[in-house]
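Below: the structure, in structure tokens.
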Amino acid sequence: MPETPVLYVLNGPNLNLLGVREPHIYGRDTLADVQALCETAAEGATVVFRQSNHEGELVDWIQEARTEAVALVINPAAYSHTSIALLDALKALTIPVVECHLSNPGAREEFRRHSYVSLAAAGIVSGFGAHSYELAVKAALRLARERSASPAR
Ligand code: CA2
């Protein structure tokens, strides 16, 4: 592991509205609040925290993480359920990927019960509101540490 590891936390469409609308589903924390929680949970690792409403921009950032990050946390939002482009970009990574959701999509509408992104994720944290991100950050950094201690041959 580098002395100051870098963790990417990427957020998909409409998550910029967090805390502003639908607090009964997604809670009252804003995306800035979530970023602060991630930075605290990262315990000294550098967190690159970004949100985009555009699929291609998320693909570009995932590709960037290949060389810049030790691990990646992603809440792909609605793209979880639709995007083969995100899946392909994530499958090209060798760093650990953790999928993260505020709500529990498995307990919601049928169309949210399938995630393409899950096919490329080491694990999924969902249903705990902003706390999902703290758990996901910890899990991603732990996986990165484990892999650097015994790299795959
Ligand atoms: O629970 C999650 O984190 C989701 O990824 C959120 C997505 C949804 O499409 C996924 O099924 C589950 C929606 C993000 C939209 O976020 C908003 C936040 C506040 C107000 C409106 C939308």
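Every residue, even glycine, has its Cβ placed from backbone N, Cα and C.
DSSP gives Arg21 (site 'Transition state stabilizer') a coil state; it is part of no helix or strand. Marked as site 'Transition state stabilizer' by TrEMBL: Arg21.
In this structure, Tyr26 (active site, proton acceptor) is part of a helix by DSSP. Its own atom aside, the Cβ of Tyr26 (active site, proton acceptor) has 19 Cβ atoms within 10 angstroms in the protein chains shown. The annotation active site, proton acceptor is assigned in TrEMBL to Tyr26.
Positions annotated as substrate binding site by TrEMBL: Asn75, His81, Asp88, Leu102, Ser103, Arg112. Non-local contacts of Asn75 (substrate binding site) by the CB criterion (under 8 A, 6+ apart in sequence, same chain) comprise Leu10, Asn11, Gly12, Leu15, Glu99, Cys100, His101, Leu102, Tyr133. In the three-state DSSP scheme, Asn75 (substrate binding site) falls into the strand class.
His101 (active site, proton donor) has a Cβ environment of 26 other Cβ atoms inside 10 Å. Marked as active site, proton donor by TrEMBL: His101.
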For Arg112 (substrate binding site), what is the tally of other C-beta atoms lying within 10 angstroms of its C-beta?
16
Count of other CB atoms lying within 10 Å of the CB belonging to His81 (substrate binding site):
16
Comparing the recorded positions Arg21, Asp88, Leu102, Ser103, which residue's C-beta has the most other C-beta atoms within 10 angstroms in this structure?
Leu102
Among the binding-site residues listed as His81, Asp88, Ser103, Arg112, the Cα nearest the Cα of Tyr26 (active site, proton acceptor) belongs to Ser103
